[in-house]
């Protein structure tokens, strides 16, 4: 396929600059998004097993609810029934709570002893998984405009430019796409290898990137879309609000828990109930949010679908599951969420999204490196702008990863020293991130890249070592580790420790033996000093 050279250069320029402008925030969004595929597992891993109470048989839930509501006033209004063996059977809010991220949310857990006695304890919730998801949605950019996060709006704008970068990238690659699709030319220098890798990852994962770009725009600017629809609807509300009931309910009228499981079986096919979230039980507007799972279906989220209904008369008010064939709106909206959050194909789908998210982050990181190398080829001397962009790329990308890994590492230590974990998560992340960014600008991109990669490798290695320490020392053993889910997490961190260590070695080799006028090369004097220090230490 032949395309005029001036047209190709135009689209290449568009691709380059849209990628450079958006690459850093999208890098954070993608790698944090890959971690958020296991949001619940991360929070569970970070929470001491002593913070959960033993699960009970299904036929004991009604007895537990009766005893809890009789002993605690707050349990008469709102509570959650969990069917997950790793969670307490019954919980309710003691302090904080509400919608959105709550760093000071204290919940009370309840279960029954073997003798049928009520057992409770109150603990601060662990929001590590939610914080990583917030990082995914906002790129760590704080603040709000109205009720919307500034970071969400920034990522929405970035997604629009990102879509343009995808289209322009395809156009200027078309003439050479067939012959160079799977070409990874390792014998033509590091720059050619990075370019081939960048193109290969981009083309293979293109459908995934289109899905993410479009859905991010929809999520970020849904208020604008609804505002446009209001022009067509006029004074008629987009969403009908149910009429307030004249009936005042009390918890004494609550049907048995088994009746909700039966109702879900009637309304859906192939779904199992994950949890029941009751609210406003002693009011005229009671509700139960039922989280349901079906790994064979296209769920709204990888954590499940949901149904909201009146807990007393089972009247459905809202559902993410299609209830009848005439309903075309529900599956359409659910598909946007499902495609973005990987709510299909079960655990295989989640792992694929995890890998694709990491590859997406690589795409933005490698794009910035390629731009910097191209600038080097055009200029004999590196400009301040080039060095600034190199430091910004290393500091933001590697610094953000180091901040998350350090927070994961610190998680169990926070419990051991008995501090408010959620606020310390934020402190740990931002302190590490800005420390890495400051270090990068003070020491230069090349040297700091080597050091941060080494730090990442060490931090990843210390995560499983910390887990072993908490198990080996009885005084520190707040966790009774489950063999399978826990040690998958530890194994993955070991894989990343090896990957970061290998990356540090390759970066160091390029700094010493690569192009001398490259932005990634260490100054000659510094190289000589380092080699001399190494020779003295070996002697």
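Cβ atoms here come from the backbone N, Cα and C positions, even for glycine.
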> Taking 453-478, 505-530 as the choices, which stretch does TrEMBL tie to transmembrane segment?
Replying inline: 453-478
> Is the transmembrane segment (453-478) close to the transmembrane segment (423-441), in the sense of at least 3 CB pairs under 8 angstroms with a sequence gap of 6 or more?
Replying inline: no
>> With contact taken as 3 or more Cβ pairs under 8 angstroms (pairs 6 or more apart in sequence), are the transmembrane segment (14-33) and the transmembrane segment (453-478) in contact?
In response: no
